[in-house]
Amino acid sequence: MMYGAPHQQQKQQQQQQMQQHQQMQQQQHQHQQQQMQQQHQLQHHSQQPPPLPPMPHPGSGDFYRGPFHPMRPNLATSNNVSHDFPRSSHNPPPGPIHAYEGHGDIHGRRVRKLVQRRSVDYTSTVVRYMQVRMWQRDARDRTILQSTPAAAVDMLPTVAYTDNPSASFATKFVHASTNKNRCSINKVLWFPTGRRLITGSQSGEFTLWNGQSFNFEMILQAHDQAIRSMIWSHNENWMVSGDDGGSIKYWQSNMNNVKANKSAHKEAVRDLSFSRTDLKFCSCSDDTTVKVWDFARCQEEKSLTGHGWDVKCVDWHPTKSLLVSGGKDNLVKLWDAKAGKELCSFHGHKNTVLSVKWNQNGNWVLTASKDQVIKLYDIRAMKELESFRGHLKDVTSLAWHPFHEEYFVSGSFNGSIFHWIVGHENPQVEISAAHESSVWDLAWHPIGYILCSGSNDHTTKFWCRNRPGDQCRERFNAGSNQGYSDQNINFRPVGGFFAADPPSTPGPFSAARNEGTIPGIGAAMPLSMPSIDGSDPGER
């Protein structure tokens, strides 16, 4: 019995130790579970938004801006409200974003309507010309353009078609530009680089337009009265302008006004022209005088008085000291600028002469009058060479093409624009209603692929030549009263280009013209051109 007592005591101690160990394990397990629950609760609470403050009553005048952003400082001006937060009936979530309705975007900014602007690219034709000019030296080597859009890659600039002026007819309407201040456009003038066009308006403003996209660039209040004349110097550094008040101003190429002579003439300055050396320039006015000025000093050197009435136009000879002027006395006069004397007078017109232009060959002078007739004079014989009839109203403007000396365009008082070729009595292209009112001025791009017209209908319009595959008759705004529709453009296309009518002008030179020659220059353009499809051109 004594031997078994210590053994039982030892066994009881082991059982007690086992129970204590189990209790400790249970306590540790419970402690771990409590820690995990606390961590889970902390994570759950961190994901939930903070409680919302009590909502103010709608009539209390307070404005609830929502909870503050967790990453921003607690500023009273913050109004960033997350759409994930619960809302009450007083502060409902915002609705869907509505589509643009034409007055602005969702941020309140004004959005302009998307309009595709017409762009005329001339660089591709110039690059093509530089590539092929080594083996396409003249018309005999040139690739004939097919009347398909794919042939546009073979188009060349107008200077490459010296043998065919009809390839440069600018009859396709491109764009119409209008100022916010709607007024008559009296003068249009390209910058010498051809990148911009400048217009002179009745309100005395200069407006600059982009030469390729035709969008607005700048406007400048240049004169106090209506602008009547503008001209660039041959060195391309200076521009001279005249207005209705008789003042003449000098401008740099950046439109910086350098000098102004406000008493150059007593009445409106109608026209300006530079000499070849740019040392002199001439002006004409309604005060019946033609004046020769020293450009550097802006001082009058000679005053030519021979017209008995208003002098409407003047032009300086391309190479000689010779002036031509036309006026309200129906006369066209030639002047010696050095001596200041009258050399000759032409009495061919029956009404006011509105425009005179020297040809680049220096032998021809073109005149336009209110008698609806255009006349061509040859100064070598001092005789009239040809008369062009077709306009129904006063012929108000003229413009020779920069590369084709036999090709010119004219504008009329009824808004029509006609295209002519010397040696052909009838107009080659008639755009009977290019403008809604009189065409005051016409100007060719220096490269000769765009024609610009300024009109009394407050618009400046741009015209370019057709591409191969284009519709020969312009279909822009067809059927409208703007004039460039099918029934208002009359011409006869051949092979994607325009062929001139056979010369039919009667007179002493008719025999020479029927042989395809023009007096003074020799061979002219071909009188007939075979069509691509082999059909007779007269059938079209």
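Using N, Cα and C of the backbone, Cβ positions are placed for all residues, glycine too.
Note: TrEMBL annotation is automatic and uncurated.
Keep in mind that what you see is a predicted model, and the values were worked out from it rather than measured.
What TrEMBL lists as compositional bias 'Low complexity' is 1-47. Marked as domain 'IFT140 first beta-propeller' by TrEMBL: 175-263. The feature region 'Disordered' is assigned by TrEMBL to 1-94, 520-540. Here TrEMBL flags 220-252, 262-303, 304-345, 346-387, 388-420, 432-463 as repeat 'WD'.
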Report the mean pLDDT of the predicted model across the domain 'IFT140 first beta-propeller' (175-263), rounded to a whole number.
93
Residues from the same chain, set at least six apart from the ends of the repeat 'WD' (388-420), whose C-beta lies under 8 A from its own:
158-159, 162, 165, 168-171, 351, 354-357, 359-361, 364, 366, 368-370, 372-376, 426-444, 446-448, 451, 453, 455, 457, 463, 483, 491, 518, 521, 524-525
Using a Cβ cut-off of under 8 Å, list the residues of the same chain at least 6 residues beyond the repeat 'WD' (432-463) that approach it.
120, 122, 125, 157-159, 168, 170-179, 182-190, 192-194, 197, 199, 207, 209, 211, 214, 393-394, 396-404, 409-417, 481-484, 488-490
Quick check on the domain 'IFT140 first beta-propeller' (175-263): DSSP residue counts for helix, strand, coil, in that order please.
0 helix, 50 strand, 39 coil
